[in-house]
Amino acid sequence: MGFELDRFDGEVDPDLKCALCHKVLEDPLTTPCGHVFCAGCVLPWVVQEGSCPSRCRGRLSAKELNHVLPLKRLILKLDIKCAHAARGCGRVVKLQDLPEHLERCDFAPARCRHAGCGQLLLRRDVEAHMRDACDARPVGRCQEGCGLPLTHGEQRAGGHCCARALRAHNGALQARLGALHKALKKEALRAGKREKSLLAQLAAAQLELQMTALRYQKKFTEYSARLDSLSRCVAAPPGGGEETKSLTLVLHRDSGSLGFNIIGGRPCVDNQDGSSSEGIFVSKIVDSGPAAKEGGLQIHDRIIEVNGKDLSRATHDQAVEAFKTAKEPIVVQVLRRTPRTKMFTPASESQLVDTGTQTDITFEHIMALTKISSPSPPVLGPYLLPEEHPSSHEYYDPNDYMGDIHQDMDREELELEEVGLYRMNSQDKLGLTVCYRTDDEDDIGIYISEIDPNSIAAKDGRIREGDRIIQINGIEVQNREEAVALLTSEENKNFSLLIARPELQLDEGWMDDDRNDFLDDLHMDMLEEQHHQAMQFTASVLQQKKHEEDGGTTDTATILSNQHEKDSGVGRTDESTRNDESSEQENNGEDATASSNPLAGQRKLTCSQDTLGSGDLPFSNESFISADCTDVDYLGIPEDECERFRELLELKCQVQSTSPYSLYYPSSPLDAAGKGDPESVDKELELLNEELRSIELECLSIVRAHKMQQLKEQYRESWMLHHSGFRNYNTSVDVRRHELSDITELPEKSDKDSSSAYNTGESCRSTPLTLEISPDNSLRRVAEGSSEGATANMEAYRPSPKNLLAITEDPEVSTPNYNPGAKELDPSQALEIKERRVSDGSRSPTASPKLGSAYLPSYHHSPYKHAHIPAHAQHYQSYMHLIQQKSAVEYAQSQMSLVSMCKDLNSSNSAEPRMEWKVKIRSDGTRYITKRPVRDRLLRERALKIREERSGLTTDDDAMSEMKMGRYWSKEERKQHLVKAKEQRRRREFMMQSRLDCLKEQQASDDRKEMNILELSHKKMMKKRNKKIFDNWMTIQELLTHGTKSPDGTRVYNSFLSVTTV
């Protein structure tokens, strides 16, 4: 509606008037025909009539009306009187300023704000009325007891009735409460309707999203299947882990259907480009259909022909038409991919040399590895191998090999393959059983342990047991939860798996077929080797005695080149340490040794890594049995025993003389059994068993004789030191005799199947699988008990980055190497160094190869005896560790008597002088000898404890442990692990609760006792007891004081202490 005309000051232009209300236009709107009306007048008209009020045209809607802004601004500038002019306001303002004036006009009507008054007044009079004239204004409170406020009218009337006033007040409050409840119900109803509306919208959006996702998932699945098939057929290089074979199948229609779908085909008929490799592929097979029967089609098969019609370059429509018009029986020729069988690779591709540390080789390790030989000399020929696996082992010059060693080490040892699996519905199973670690290790690998024969994965044929899953559907698998979630997802029907496997992985069938034959042959050969090595040790001892009588000196500088370091309990921690300390002197010693003995240069052999990475050892045709050396009572060995050994050795030599390769390959008794009488085999087995018992008796005799000899040598050494100082004299006898103390090794537990050792930073210079050990410790005694010439030349065998494979040995025992310029080593120093080397055992990086390689014939290390061990398995520590354990059980019982003697010998060696001689190195590389205090008894006991706890495992063993390299635990074993873990957790909780209760009792009994430093540190230790490492503030004194003690003083917690002496 418009503004009244009489409110405006002056005349108003008629064009500014509305034709409907005849007032001044308010919010003018114009019609398409050009007429202008007030918005409040024309909108109801148009909605009701549907035409212009002037009747000038046909139909009209409200959407066709438009605002006239220039006309509106013109009207707003007109002068108008105040709306309260009748009440006395005489203001005249612009129409656009009228709302602002009305808000503060003094003549606007307003009511009194006192309850019960409600009188209508002018805005300017309201304040005065409420203050002075209103009868409802409060003047105080009732003093009669109700406490309600009194109004001016009630006070003027003489008071009020308290009961009536309280009833009125209560009624007012109840009315207000009812109004609030009603408003609350309205708001709740309004909120409920709004919530339902929002939920309906959200459900509709989710439904639409699901439908869209299903549509795109279906398209994506189809496109992915097609892309996978095309990429495998077109882009895949030949020989990439698979091979294709052609099959001819016969199909019969069932109710007019063949039961499979096809995809692919040439894009168009006109495209005759020969380079196009598009083909027809099977994308889906209906369950229980004709194509799904045994011997039928499989997914990803490429169809080549149908009833003689070539479909290799046909379009999709042509392929469909060919199947529709084909007459039964339908003969289909397809191409199917199958996994390529891994064959042997040349030795040049697999000859790798790793570096690592070998520690604590005990008798059980030695006896366990008697069934594992070392590489053979370069006399090639088949030996105990089937014809389908030819033996081709090439040998190269060490210098040529070392030139490419780094490239070989950088070569990738795993091959990756992407496998796509498609399932028809969510109920279909992939058929994969995975295994993983169950402890708190961060690096958890997911491996395939089992494949269901009738599953999708088995039909695909590209996934094998032992493969590691790297990615699933493009997502890198970090832990077992992600792998399980991705593999068990019901939404995905298409799975893309990126798997990894070793390049040299072989089929297990070959190993299973020939394993028993190999083990039988190897067992017989190892028994013979034990006899040979025992006889060599006996002969070397006799020959050494003779050499001592002849007199000779040893180059102590050469002997000590590898012995100048103090035993730290953990071995060297870096390869650079070894290079910095002893590279120059050792190289010079090697050159001098090689030049002084022409035979040594002719016997330089190389190593082959295809059998456990062990190095070849020099072979000498010289006889170790000398008829001249008849003083067999030197170490308490009876003469009849020695004669029996000689007879047995002659018998073995006669047996081996029948083989054309007898110099390098000892003949197997089983081969002889095939040609001769089986009774001779049984007789020889009895002789070999008697040999083992004789060897054990020999070791016990050596121990007893060594104890007696050691006492004599100690007195003689002290006398010679007192009288002759550092003058040159024969030290080779003392050095050799004290090297017999290697029999003092500690026993090792046979159930060591843990996957890691203490990570104390041991060096990594030898392959973890390279164990240069013999059936018993006599092998090491042969190396140390030999003449000084061989000992001095043993420096050439010490592995170095520049000469890992070259071996320079001088087996001559009649020509001692004498260096008059070098400082001689006195007996006490030689004793101490030898004892340190022996106490360090095979923990020293160079102890095992050096001590075990002096006179062992190289034909004892034929790689063909290990044919039952796959080439790829030689890189896995867990595989070899299991083989060692299996072999160790067979010899564990026979070695217990030796172990007990070792403990006695260790106790006898504990009484050492308080001073010892040390070999130091100057800045120019020369060595000198000085006196240093002996380490404290506590440190020695701790070192022995560390040696027991390490038990032959190294940091390399930890890096290549069973779990990380994929040992597969069965379900029963995993259940046992869980039970053990729960039991340990329960014990830890019980111990924790016991300790807390004890601490609470102590605090309650002695609240005001001031805690000393020991109690504080002990409390800190208790918090850390379940952790494998300690914090940065833990001191050795705290560990030694109470590191393994409970609050009551008893030894309860088994915390390990690893100390490195620098």
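Glycine is treated like the rest: Cβ placed from N, Cα and C.
It should be emphasised that the depicted structure is a prediction, and the values quoted were computed from it without experimental measurement.
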Swiss-Prot annotation (coiled coil) - matching range among 81-106, 497-522, 679-704: 679-704
Counts of helix, strand and coil residues, the domain 'PDZ 1' (248-338), according to DSSP: 13 helix, 35 strand, 43 coil
Long-range Cβ neighbours of the zinc finger (18-56) (under 8 Å; 6 or more residues past either end): 1-5, 8, 12, 62, 64-68, 71-72, 75, 78
Count of other CB atoms lying within 10 Å of the CB belonging to Ser426 (phosphoserine): 12
The domain 'PDZ 2' (418-502), counted residue by residue under DSSP: helix, strand, coil: 13 helix, 30 strand, 42 coil
